[in-house]
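Listed in TrEMBL:
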ACT_SITE  Ser138  active site
ACT_SITE  Asp292  active site
ACT_SITE  His322  active site
DOMAIN    60-207  domain 'Alpha/beta hydrolase fold-3'
DOMAIN    251-325  domain 'Alpha/beta hydrolase fold-3'
Amino acid sequence: QGRILEKTGLCSQITFGRYVRQGRKLGLDPKLFIQDLQFNEVPVRVYQPKSTSDGRRRGILFFHGGGWVFGSLDTYEKVCRYLSRESDSVVVSVQYRLAPEHKYPAAYDDCLNATQHFLHHLEHYGVDPARVTVCGDSAGGNLAAAVSQTLVGRSDFPKLRAQILLYPGLQALDFNLPSYHQNRGVPLLFRERAAFFALLYLNGDALHMQEVLEGSHIPPDMRLKYTKWVSPDNIPEKFKVRGVRPLRPTDFIAEVYETVKRFCEPNLCPLLAEDSVVQQLPESFILTCEYDVLRDDGLLYKKRLEDNGVRVTWYHLEDGFHGIISLYDYCGFSFPSGKRGLDSVVNFLKSL
C-alpha cells in the first residue's frame, strides 16, 4: 500500500493536504504582541499578552497536531491566540520539521531544542520559571509527552510545571485497542491513517502498514513485556460497551520488526517509558474524545500516571471526535464540544 501511494504521487497528496490545512493569515490582535523568531534554529511564534501583569506570567510551549506530517504555525494561530489571551500566558508555538521529508527524531529534536532554549531565556519573556507547561494535540501531544519525559530529573533546566496532552497518540504497538475498532471509520482520523502517519514519521514511507495494523510487527516476548501497560484490560469497562472484537493473533514477521523496532523507543512512543521516568513527570492534563481511535492511548497513559502517583486532571468529551480542538473558530464555525475542551485547558492553566 505504501508503494501504491508513492506511485500515485504520495508527495503531491501531502503537498495538497498541507495547502488545504495551512490556515489563513490573521490580522493583528489588539490584545497580543506576536512575533516570529528562531529558538535554537527552530522557527517559533511567540504570543505575549499586551496587558500589564502583576508578576511574571505562565509560559506554554505548544506543539501542533497533524500526524507529524501536516500543520503549521498558521494552522494553529487561532488556538494559540485564544490560549494566550484567555489564560494570560506567554505561548510559544513551535514549527517543528515535518515527515516524511524529515523522519523521526527530527520533530522531537526540534520540540526539545525549542523548549530548552525557552527554559534558558524565560526572563527575557517575563515568564515565571515555576510555571512553564508543555502542551500539544494529537501528534503534538505525543511530542509534548516525549519532551516532558526527557526533561525529567534534569537539574540544568527549570522543572516543567505541567504537561497538557490533547487526544495524544502515545504508542504504535497495538492498533487494535477497543477505540481503534469502535472508531475505525470516524473522521478526522481513521484507523489506517493513524498507522500510516506513525510509519511516515518513523521511516518516511508507509510500507508494511497492513502488518503493523494486524500487529505482526512486534515480537511475542516484547508484546508480553508491554502488556502491563498496553492492554484492553487497563481500559475501564464502560469504554468497551460499544462492541470490541477480540483480535485473532497474527504471526510475528521478523523483517517487519527490523524496519519498525524504534516504535519501542519512549521518545517515539511515550507510553512505553519506564516507571522510574513516569514517577517524576509533572502534573498532567489529559483530554480524550469518545469518537477517536486515539482515545485509549490517553486512557492508558492516564492510568500509568495515576499508578505512579502523578496528579492527573482528565477531561473527556463524550461527543468529541479527533481533531476537534484544531477546528476552533475554523472558517468562522466551531463545535461547542471543541470550545468546551479548549476552555477546560484554559481553566486548568489558570489553576497552576
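Including glycine, each Cβ sits where the backbone N, Cα and C put it.
Heads up, TrEMBL stuff is auto-annotated, nobody curated it.
Note that the structure is predicted; figures quoted are calculated from it, not measured.
For the domain 'Alpha/beta hydrolase fold-3' (251-325), the predicted model reports an average pLDDT of 98. There are 30 other Cβ atoms within 10 Å of the Cβ belonging to Ser138 (active site).
For His322 (active site), the count of additional Cβ atoms within 10 Å of its Cβ stands at 28 [all protein chains shown].
Annotation for Asp292 (active site): spatial neighbours Tyr167, Ser179, Asn183, Val186, Leu189, Gly320, Phe321, His322, criterion Cβ-Cβ under 8 Å with sequence separation of six or more. Within the domain 'Alpha/beta hydrolase fold-3' (60-207), the DSSP-based counts of helix, strand and coil residues read 60 helix, 26 strand, 62 coil.
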